[in-house]
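Participant: Marked as active site, proton acceptor by TrEMBL: Lys49, Tyr268. Marked as substrate binding site by TrEMBL: Arg146, Met327. Annotated domain 'Alanine racemase C-terminal' per TrEMBL: 247-384, in sequence order. The N6-(pyridoxal phosphate)lysine feature in TrEMBL is assigned to Lys49.
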Amino acid sequence: MTDRFTILDAPEEFLSAPLRLTTDLSAIADNWREMARRSGKARAAAVVKADAYGLGIEDVGQTLYRAGARDFFVAVPAEGATLRPYAPEARIFVLSGIWPGQEEIFFENDLVPVIASEEQLAFWMAVLTERGPYPCALHVDTGFNRLGLPMADAMALVDDVSRPASLDPVLVMSHLACGDDPTSPMNRRQLEKFQEVSEAFEGVDSSLSASAGIFLGSDYHFDLTRPGIALYGGEAVNGARNPMQPVVKAEARILQIRDAKAGESVSYGATHLLSRDSRLAVASVGYADGYLRNLSGSGIALRDTGFPGAEGVIGDKRVPVVGRVTMDLTIFDVTDLSENAVRSGDYIELLGPSMPLDDVARAAGTIGYEMLTGLGLRYERIYLEGED
Ligand SMILES: *Cc1c(COP(=O)(O)O)cnc(C)c1O
């Protein structure tokens, strides 16, 4: 696995980068094919909202399109417009739906609005009356209480004679609240409701499951699945072995190695007291790079004290964060490494094949999704392409 991240012809400017983020596009393609396989008879879409979970919608979108994805989900129309040239023949669904003033960006980029409220539906019908037929999706709420038409309203629409003939849903969808917990009774409750919706909209494709729901079994697959986090190597199901390939590696350069004495303190607030003479490595990464302050080694108020702080990896050794993470800098305890194992200028792996994304996220009391989408703008980005 580590071999995948070997960079052979790295440009000079990349080698000098204080921070680098390596995205393995062939692993994303493999993960999509794996989710498509696990979706059984259903087609697998690809969710690329929030700049493909922070990894870059252009490169990621093109990779997924080449792998065979023909249905994409974005959150807002601008993301769909950015994706369009990289996914020319694909259907691009916009999860936030359509608002007055957005008609042009939808029509010009051939984006499909996901209609999610009565208000949007009324607006959309007015648009259709002027424009004529244009596809849409309907999001029906089955218990999440985020977006979605109330179930009764969606069902009423099926037989509504006053609805314009041009209202042409190509998809009905809903979203699971507890898909990441296979033991939750909520899953079956939502499934049963969605089955009713799916049957009512006979002949229209239906979609219920994001990454986690795909693992709940074939009942949950319907016609189209919507994997996101799993494509990027993240954990979809709580407490289960993650079968996805790691995709991202984030590294920071070590700016200096310093010796400090037992009894001295480290970083803001002087909250971390050294219990022994120590060697400290100061890395060029901080909370401005999404290396969250909650990853600090000790002494952060307002954090669940159960978390001991994060670790990075140098060579094949894990080294803990000591003291508070600051805006641009983080300090790691490298006392236990041999003298020559680390020098200034070396990179420390913050997350990647040796330091799973979700382990780092847990150390901060959050989830991989938030880590990925918060990585920030300072990383030099490199994309590894596979042979295909
Ligand atoms: C984000 C999102 C997805 C993808 O979820 P993952 O957990 O990342 O697979 C699917 N459907 C909807 C409605 C979403 O908002």
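Each residue's number is its place along the chain shown, starting with 1.
Glycine too: its Cβ is placed from the backbone N, Cα and C atoms.
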Participant: Which one is it: of the recorded positions Lys49, Arg146, which Cβ has the fewest other Cβ atoms within 10 Å in this structure?
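Facilitator: Minimum Cβ neighbour count within 10 Å, taken over the recorded positions Lys49, Arg146, occurs at Arg146.
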Participant: Summarise the model confidence on the domain 'Alanine racemase C-terminal' (247-384) as a single mean pLDDT, whole number.
Facilitator: 92
Participant: In sequence order, which same-chain residues at least six apart have a C-beta under 8 angstroms from Met327 (substrate binding site)?
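Facilitator: In sequence order, Gly286, Tyr287, Ala288 meet the Cβ cut-off.
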Participant: Hey, does DSSP put Met327 (substrate binding site) in a helix, a strand, or just coil?
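Facilitator: Reduced to three states, the DSSP call for Met327 (substrate binding site) is coil.
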Participant: Including all protein chains displayed, how many Cβ atoms other than that of Tyr268 (active site, proton acceptor) lie within 10 Å of its Cβ?
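Facilitator: Taking all protein chains shown, Tyr268 (active site, proton acceptor) has 14 Cβ neighbours within 10 Å.
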Participant: Can you tell me how the residues of the domain 'Alanine racemase C-terminal' (247-384) break down into helix, strand and coil by DSSP?
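Facilitator: Its residues fall into 22 helix, 48 strand, 68 coil.
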Participant: Compute the C-alpha separation of Tyr268 (active site, proton acceptor) from Arg146 (substrate binding site), stating it in Å without decimals.
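Facilitator: Here the two Cα atoms lie 39 Å apart.
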